[in-house]
Amino acid sequence: MNRMWEKKFWISCFFIILFFILVTLQVMVELGRFEKRETKSFTVIDIKEQKKPLLKHIKEKSNSRLRHLKDNYPIMLWWSPLTGENGRLGQCGTDTCFFTINRTYLQDPMTKAILFYGTDFNMTSLPLPREISHEWALFHEESPKNNYKLFHEPAITLFNHTATFSRHSHLPLTSQYLEGLQALRSKEYLISIQKKNFLRKRLAPLAYVQSDCDPPSDRDSYVQELMKYIAVDSYGECLHNRDLPQQVNNPSSMDDSQFHHILAQYKFILAFENAVCEDYITEKLWRPLKLGAVPVYFGAPNVENWLPSNKSAIIVGRFSHPKELATYIKKLDKNDKLYMQFIEWKLHGNINNKHLLSTITERKWGVQDVTQDNYIDAFECMICKRVWENVRLKDRVSTTKLWNAESLHLNCPAPEAFSFLPGHLLKSSMREMWKPSFEQSKKEAKALRTLVDRNRNFTTVEFWNLVFKFQ
């Protein structure tokens, strides 16, 4: 009995001691955490306080150096923070200019040009009043849907210098998505007609890859109608009916080699732009040409001026209805001889379009080429050289040259929706929005011009009040 009691006593003591040990450990852990938080908080604050004088000194020294550097050179002020550069001396041949996104340079007497990026163009935050010596320059390589108001004469003619996708701009960017002629001639992804015919057992003749649905071109409505008459494998979010492998199923993989190998298996690829404007040509056209497929193209009405060969793409605009287009594609799909006429240029690397050849060989910038300037560098240097040209002219003859943008430098027609049989169209608020938005942008462009010509700052309320007056 005594032994039993003694055993129970020692067991109880063991659990009591264990309990106190656990409690003690927990307290120590919590104290440690508290001390760590206190130490960490003190260290961060202490380091920040120590760094403040040093950072201030470095910043003051850096700003002082930049101010000193720019004193002897014309200043090119990016009003849009596109480059992210606080200050840089840029060498453009024998000319040098100071490029910056720092708006405090606006009042500097050496500031000669204000550079804008079209997508970021904000009409209620402009460098007004505009000095006589300030030339405005517009860089806008993107679709009109990003900023429709710039595509009307009252707005585009506010600028002196332009770099847009239009061949008529001062620095045309029409070929911005084409690395070079070798990319077109390359046979890296080219698949034989025999293998493509074999692959047709599990693939549709046409591939469609779009995730920007219901854009101004209304391409999804056309493709939806086309799908009634011919099979289309649609990999993107728009009209999706086939999945890509997981490893390439994201936008960043569109330039991935594995994705290219998948598309290269198709005989035809639907190449539909998001907007219909002359010279607005994107990777939608160049990608199938590089892969050895036949692009079925809808977009720039003058695309034939840019094709490598007369018979290298099927132009959607030549067909009265998607059904007629489907019939033609089926004909080529069944007849290797007819199909191969569209691949002949690729097999022999025969690019006979003189306009395309001269554009690529003569352009002053490159695409994904570290040995060349990119098109932003070329844009900056174009303006820098023009500013210096006027500096030299003024020294010699007291007159300067005036550059002005024209309506053709950025010009697109109103977006039009396709109208097939009732009840067969895609219903989308976005689809219905584009034409009213375009018409509204005309009034916005007119209001913008009126207020800028007044040459003083204006508010958002003033802008919209004027827009509504033009209704």
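Glycine is no exception: its Cβ is also placed from the backbone N, Cα and C atoms.
So that you can see what the record holds, here are the features copied from Swiss-Prot:
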- Cys381-Cys384: disulfide bond (DISULFID)
- Asn102: N-linked glycosylation site (CARBOHYD)
- Asn122: N-linked glycosylation site (CARBOHYD)
- Asn160: N-linked glycosylation site (CARBOHYD)
- Asn310: N-linked glycosylation site (CARBOHYD)
- Asn457: N-linked glycosylation site (CARBOHYD)
- 1-8: topological domain 'Cytoplasmic' (TOPO_DOM)
- 30-471: topological domain 'Lumenal' (TOPO_DOM)
- 9-29: transmembrane segment (TRANSMEM)
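Locations of recorded Swiss-Prot features on the structure.
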{"residue": "Asn102", "record": "N-linked glycosylation site", "Cβ neighbours (10 Å)": "16"}
{"residue": "Asn122", "record": "N-linked glycosylation site", "Cβ neighbours (10 Å)": "11"}
{"residue": "Asn160", "record": "N-linked glycosylation site", "Cβ neighbours (10 Å)": "19"}
{"residue": "Asn310", "record": "N-linked glycosylation site", "Cβ neighbours (10 Å)": "10"}
{"residue": "Cys381", "record": "disulfide bond", "Cβ neighbours (10 Å)": "22"}
{"residue": "Cys384", "record": "disulfide bond", "Cβ neighbours (10 Å)": "24"}
{"residue": "Asn457", "record": "N-linked glycosylation site", "Cβ neighbours (10 Å)": "13"}
Tell me which of the glycosylation sites Asn102, Asn122, Asn160, Asn457 ends up closest to Cys381 (disulfide bond) in space, Cα to Cα.
Asn160
Cα of Asn102 (N-linked glycosylation site) to Cα of Cys384 (disulfide bond): how many Å, rounded?
17
How long is the line from the C-alpha of Asn457 (N-linked glycosylation site) to the C-alpha of Asn122 (N-linked glycosylation site), rounded to the nearest angstrom?
13
Mind looking up the mean pLDDT for the topological domain 'Lumenal' (30-471) in the predicted model?
89
Shortest C-alpha distance to Asn160 (N-linked glycosylation site) - which of the recorded positions Asn122, Asn310, Cys384:
Cys384
Roughly how many Å lie between the Cα atoms of Asn122 (N-linked glycosylation site) and Asn310 (N-linked glycosylation site), rounded to a whole value?
42
Taking only the Cα atoms, work out how far Asn310 (N-linked glycosylation site) lies from Cys384 (disulfide bond), in Å, as a whole number.
39
